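One structure is given below, encoded as structure tokens.
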6 protein chains.
Amino acid sequence: MSTRARGRAADEIRPVTITTNYTRHAEGSVLVEFGHTKVLCTATVETGVPRFLKGKGQGWVTAEYGMLPRSTHSRMQREAAKGKQGGRTMEIQRLIARSLRAAVDLKALGEHTITVDCDVIQADGGTRTAAITGACVALANALQWMREKGVIAANPLKTLVAAVSVGIVDGLAVTDLEYTEDAAAETDMNVVMTAEGKMIEVQGTAEGEPFSHEELLAMLALARQSIDELVEHQRRAIAG
Amino acid sequence: MSTRARGRAADEIRPVTITTNYTRHAEGSVLVEFGHTKVLCTATVETGVPRFLKGKGQGWVTAEYGMLPRSTHSRMQREAAKGKQGGRTMEIQRLIARSLRAAVDLKALGEHTITVDCDVIQADGGTRTAAITGACVALANALQWMREKGVIAANPLKTLVAAVSVGIVDGLAVTDLEYTEDAAAETDMNVVMTAEGKMIEVQGTAEGEPFSHEELLAMLALARQSIDELVEHQRRAIAG
Amino acid sequence: MSTRARGRAADEIRPVTITTNYTRHAEGSVLVEFGHTKVLCTATVETGVPRFLKGKGQGWVTAEYGMLPRSTHSRMQREAAKGKQGGRTMEIQRLIARSLRAAVDLKALGEHTITVDCDVIQADGGTRTAAITGACVALANALQWMREKGVIAANPLKTLVAAVSVGIVDGLAVTDLEYTEDAAAETDMNVVMTAEGKMIEVQGTAEGEPFSHEELLAMLALARQSIDELVEHQRRAIAG
Amino acid sequence: MSTRARGRAADEIRPVTITTNYTRHAEGSVLVEFGHTKVLCTATVETGVPRFLKGKGQGWVTAEYGMLPRSTHSRMQREAAKGKQGGRTMEIQRLIARSLRAAVDLKALGEHTITVDCDVIQADGGTRTAAITGACVALANALQWMREKGVIAANPLKTLVAAVSVGIVDGLAVTDLEYTEDAAAETDMNVVMTAEGKMIEVQGTAEGEPFSHEELLAMLALARQSIDELVEHQRRAIAG
Amino acid sequence: MSTRARGRAADEIRPVTITTNYTRHAEGSVLVEFGHTKVLCTATVETGVPRFLKGKGQGWVTAEYGMLPRSTHSRMQREAAKGKQGGRTMEIQRLIARSLRAAVDLKALGEHTITVDCDVIQADGGTRTAAITGACVALANALQWMREKGVIAANPLKTLVAAVSVGIVDGLAVTDLEYTEDAAAETDMNVVMTAEGKMIEVQGTAEGEPFSHEELLAMLALARQSIDELVEHQRRAIAG
Amino acid sequence: MSTRARGRAADEIRPVTITTNYTRHAEGSVLVEFGHTKVLCTATVETGVPRFLKGKGQGWVTAEYGMLPRSTHSRMQREAAKGKQGGRTMEIQRLIARSLRAAVDLKALGEHTITVDCDVIQADGGTRTAAITGACVALANALQWMREKGVIAANPLKTLVAAVSVGIVDGLAVTDLEYTEDAAAETDMNVVMTAEGKMIEVQGTAEGEPFSHEELLAMLALARQSIDELVEHQRRAIAG
């Protein structure tokens, strides 16, 4: 792939928009856009914790993920109608939840549960990484709301986390894959990092050919750079 | 209730916005807003019909409905995670589908199925009536797309259908109930009509006290007036 | 349709039979027959209320509906075997439950739950309206049983509710549609009223052509007359 | 137990009634009563066979079983609402189906499937044995209907099968246990036999104490005698 | 069948191996082999009892059964993936549980629940009878563990229970059917007995032709003899 | 952690055993042991491919994963009884399947489907990596069986794949984590590689603290070394 769509450079992420207060009811509500990929992330604060944490003096952060049936090129069956969430959905919502928990001091959260719903309005590749990036902002807003309401004293947010998908396409490492690139990639890797550039999750998958150590390093370097940029977007969105 | 929120008159609907081409992939994609109620309606065109219609030389129109978990004041459990759609969801999607089919000449549609997904982004009362009103526009756009692609020759759309909820609140008939009114209503009636003012669906429910024949007539008159206004909004949206 | 089956007049309901104490175990047990439609309605009294009503000092009335697999012309799949209740079933049981609750002073019921099971033994149109009509008698019997046992002091039953389906068949408004009429109807409307003729539920659906205001009025007038007759049947059954 | 309820002798079955043509739509429809136990058995004839029998030139007989929620002393949860059939239900419907298949020449049935639905209207012990006894009559009626319609030439019914529950109560072998006896029995055995007294199914279970060879023989002798009587009831019902 | 596979006599069971402490974590863990049939039986001890036994001062013993998908000749669909346990599975696990409870003084067990999981590693007929035979040893080991831990004082095990399948193959009564015999049997009977030769469960099914009283007696006699041998194997395994 | 359990060095894998032909029916059947972790992997060959591959002239390899309820320290609920597979199960079986497909030339497989079932008999950490390592051997055996039967001409196996979990425990990179180490790890990374040391899957998760680039490199180096050793075990097992 000598040139990417719309002349994007290999290390260039798509235009990013993070709109806070997107809907009215949630304690945190963010529409995140990575190019044509649009995900609505809402954070809900509830008193109490799941049973396995009762009485441990800590809180919990969890996440759910869904795609609107026609967020994609062809319509997908509605999971509520099928009667179960697919493996991909479960895998993604577990990833989002782990990533968010890495950013939060659960002790400082007290016995509260924050659920972040990430619903894909429009998909064009990278929905899980956009979701993590937006969800972290919705979470930050919800924690801010808790402090304003006096529910918690200190801010449990230890850092920001953001995510990007990188891959090897036509032998070249590129960042923030859009749908057509994702479909063509030999390797696809989702990386979640903190604002400090430390790693939370690294999930690399050889779609076609196995990848080499050098390719891995190239992808990680791209991810680091892109996540730095995404964290800037997050900071501006939170600052409002 | 001597005055409604924001000084609305008894026969005054909330501000209505109908945005077409809201998302990229669907053949018809509409965001409909009745005040703070926002529903994304996407129409998907597929070749073929359900098994019970095979070989009958006609098409089919169906609908699905869902609410994002935090579209409401407090978070609702995600139906995909619960593993089933609730009774209210099923009731609403059956209503939307019947209403849309009343607007379409299924023979002229040929052996195609159009599925309209109505997903509530934000709820403030009247989600099902907003959904029907927006879904009809998404359907019209999808049929337009089919004609432009040469898939069908004539337009199968016989008329426009729109819907409004009317009710008796504090003894007074009012139109287009928002959430707080809906919760306080003695009677709630959803009315679906054609552009010509003929009735497709009338569903009146006494929430508190049974209602009289006179109250029914008053609600129907309001509904007729409001639906005339909604059809104007639909026409402008379709004209683009 | 110049003449109805078996020479029935347009405003004539089918022969109605309401048999109380039909089975032994339930606190109220009624077999209701509208012509060939036969529904067994049993009312079960249990101590306690659903979680959302705990501690509110009131009771609850709910309903479930089912059809025996071969109550119909061709066999329907058993919902227990399918693993879920269909949309039509849920819609009907929600309608029955709302209708019954409109007849009961839930405060006077105290913290008890009454569940009315409506199981269709044989179907020939109008199963939901027969079910509501029979269920109200089963409910009255169960409340009578509660008073005899000293469980409650006053009778929580505020009125009787009965239901009928009316429709437009071949351009003519007719009452209490049997299966073949129901299948041929342009419009089908289910009406639930109190003994005083006030409305609890009105659910009109255009099956073929939209219906006019005049047709609605004609159907409502028929419904009123038929429900008056049904309430007489209920009264005689309760008087025993 | 020196005396049984209503003075029944140890070897005396309850009053048996077998009403054919109980409902209108099914090809065979039987209400069977063993004392207060009442089961509606309907046989449905359909063209074709399950996938595993396709092209083998034979038919199939299957059965389903259900209890109306308030057929019992206290209300049971509706299996359709729970979303699955319990182990007891599955066990019983498998038993009914095997028993019926033992009575039929599946080759002579041709590629047809007969489904017998056994729904318990009122339960007082012995619902599965009453169901088998009634289901066999419904099956015989359905086969008769097939011959009258010219669908099959010869009668595939090889024999009649009937069933009874026998048990050891207070050390004494008794037949056709009613509910209170069933609950008190040390051993409960369901026996299915042909009209010729050969065994189709024998299912004995020690509820309290293990049972001896002698007790087994005593129970089998009682079962043989009772089944002879039940077959007489079946013959009279079929002769009509 | 003049000769059985590998020259087995009609009254000869397959080679039996009972290996205790087969896995590390369970309180009782047994691999039981009846010829090529291999079942892993693990007993888990937990504090507390199911809700219906709360406060009754007794314990509970239950069982679950499963087959690994490729324990059989052709692969069976995984029940966890299908989303439900089939009727055969439920029937078998109910049988195992009832059989084990017949061996235990539930009062002496105190408020503990023992769950015995029987998972078929390799199937060659008789999986349910091997499971019962092995499960009883796992149960005995778990009870032994409870006594060593001082959780209970006396041994609640009243007796040993073992099981065998017997049948009529080519007109001859044979014991411990392997898969090919099971498939060819006219009658198949599973018998569960105590060490003293009293009966816990007798489940005989005519697969092809109904069976006679004499055949029943012949099968029971074989079962008695085989179960005596199986109890010897159990005793040696428990003695360690 | 200055010393690991049983004196294991940081770069030392647990004793590995790979037993082929472990059960009789499957085309490939392997018991793989990594220390106390034991997983039974069976490969089933079936003619035909899933619908989405019909007519594409290629085969498919898929996998399912399960844990016996008491393979773990405390009993887990049986997924078949719960009625669904959990997110962890789905994630693991998708990982196994992707890893195996990376080793196979699906064109050379022809229109066949190979399903590898990985069932955990005993768990002590690393069940998914043991499963992949054993599953690849079961797959190789099944492909060998296909060639011997003349079903395929060339061997579709392009390479061997094996997997290991590595992690940071007490600040130190260690390989092949056992359960107690896994629970204590700051970071856990599952690595799947080919025999040539190229990467198929890299899944690193910060359990406690985010991890650095250097830690990632240290873990990858360990993984490479361990996988080389595992491939040696695979080769010896396949050579038989």
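Cβ atoms are placed via backbone N, Cα and C, with glycine included.
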Listed alongside C:GLY126, C:THR127, C:ARG128 for phosphate in TrEMBL, from C:ARG75, C:ARG78, C:ARG88, is C:ARG88
By a three-class reduction of DSSP, C:GLY126 (phosphate binding site) is assigned coil
Least surrounded, by Cβ count within 10 Å, of the binding-site residues C:ARG88, C:ARG128 is C:ARG88
All chains considered, the count of other Cβ atoms within 10 Å of the Cβ of C:THR127 (phosphate binding site) is 26
Sequence-ordered list of residues in the chain of C:GLY126 (phosphate binding site) that lie 6 or more positions away and have a Cβ within less than 8 Å of its Cβ, or none, is C:PHE34, C:THR37, C:VAL164, C:SER165, C:ASP176, C:LEU177, C:GLU178, C:ASP182
Span of the recorded phosphate site, as the biggest CA-CA distance among C:ARG88, C:GLY126, C:THR127, C:ARG128 in Å, is 13
Per DSSP, the domain 'Exoribonuclease phosphorolytic' (C:12-142) contains 42 helix, 43 strand, 46 coil
Those same-chain residues, other than C:ARG88, C:GLY126, C:THR127, C:ARG128, found with Cβ within 8 Å of the centroid of the phosphate-site Cβ atoms are C:TYR65, C:ILE92, C:VAL120, C:ALA123, C:GLY125, C:THR129, C:ALA130, C:ALA131, C:SER165
DSSP puts the residues of the domain 'Exoribonuclease phosphorolytic' (C:160-225) at 19 helix, 30 strand, 17 coil
